[in-house]
Amino acid sequence: MIGVFDSGVGGLTVVKEIRKKLPDVSILYLGDTAHLPYGNKSPEAITNFSLRNTRFLIERGAEMVVIACHSSASVATEELRRRFSLPILTVVEAGAKAVAKKRPEKVGVIGTIATIESGSYINQLRKEGVKGEIIARACPLMVSLVEEGILEGRVAEVVVDHYLSQFRSEGIDILLLGCTHFPMLIPVMEKILPGVELIDPGQVVADELSKQSSFQGDGRLVVYLTDLSYGFRSVAERFLGEEVGEIVRITLEE
């Protein structure tokens, strides 16, 4: 059984990719919606939330944990691996490794303000051996587009072009999607940046998991949320690309 956590429901795009590759695997998803977004919290708070989330998933039977939250992956991965012995995958490491294999001359990175200002992707890309130029840009309105369900049409194209036109003029080879919301806008991004390879860390995580044959299950997905805000189900199903069956509201110990 695989456990996945994020600060909200955006991480369900990662779950979507895992289910494509491993339709029979059982997945526990925890969205800490009571504390989102993690990006404006202190490193100590993010680490504490991440420890609590991981502990919950392990107690429910997770044999591996995927950190789908970019803020948690940037801040808490080392501490989680120190505390827990089970395998832990992160979207940040997965995305950076995938880019490094391509040996690009110019890489674009997009994410939330918090993720870009943290420098986590730039640091990880350098750690993985990327030598080329890295251009990072925060794209907050693209997050809002996805939250509102505006995934195509003139409005989506204008907003995406506003952020990505810089990359077009810079002549990047690869664009790394550093937010779990952004895969929802891939068709629009492909129009804006023709010929640029888009790297979705969620797909990379799913590919890595598919190489491991140890996971068994019945394809069941259980979604745990720490708060049920208005319209949460429709937003969650937009990210997952299918109906969300079982949603459980939980309260985690601080």
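Yeah, the Cβs are placed from backbone N, Cα and C, and that goes for glycine too.
What TrEMBL says about this protein:
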- CYS69: active site, proton donor/acceptor (ACT_SITE)
- CYS179: active site, proton donor/acceptor (ACT_SITE)
- ASP6, SER7, TYR38, GLY39, THR180, HIS181: substrate binding site (BINDING)
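Recorded features from TrEMBL, shown on the structure.
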{"residue": "ASP6", "record": "substrate binding site", "contacts (Cβ under 8 Å, 6+ apart)": "LEU12, VAL14, TYR29, LEU30, GLY31, ASP32, ALA68, CYS69, SER72, THR180"}
{"residue": "SER7", "record": "substrate binding site", "contacts (Cβ under 8 Å, 6+ apart)": "GLY31, ASP32, THR33, HIS35, LEU36, PRO37, TYR38, GLY39, PHE49, CYS69, SER71, SER72"}
{"residue": "CYS179", "record": "active site, proton donor/acceptor", "contacts (Cβ under 8 Å, 6+ apart)": "GLY10, HIS70, ILE110, GLY111, THR112, THR115, CYS139, MET142, VAL143"}
{"residue": "HIS181", "record": "substrate binding site", "contacts (Cβ under 8 Å, 6+ apart)": "GLY10, THR13, MET142, VAL143, VAL146, GLU147, PHE239"}
- [ ] Count the Cβ atoms, other than its own, that fall within 10 Å of the Cβ of TYR38 (substrate binding site), considering every protein chain shown.
- [x] 24
TODO: Could you find out if DSSP has GLY39 (substrate binding site) as helix, strand or coil?
DONE: helix
Task: Cβ atoms near CYS69 (active site, proton donor/acceptor) (within 10 Å, other residues, all chains) - done: 33
Open item on the list: If you pair up every Cα among ASP6, SER7, TYR38, GLY39, THR180, HIS181, the residues annotated as binding substrate, what's the maximum separation in angstrom, rounded to an integer?
Closed with: 15
Open item on the list: Beyond the listed site residues ASP6, SER7, TYR38, GLY39, THR180, HIS181, identify every same-chain residue whose Cβ lies within 8 Å of the center of their Cβ atoms for the substrate site.
Closed with: GLY8, GLY10, GLY11, LEU36, PRO37, ALA68, CYS69, HIS70, SER71, THR112, CYS179
- [ ] Determine the Cβ neighbour count for THR180 (substrate binding site): the number of other Cβ atoms within 10 Å of its Cβ.
- [x] 30
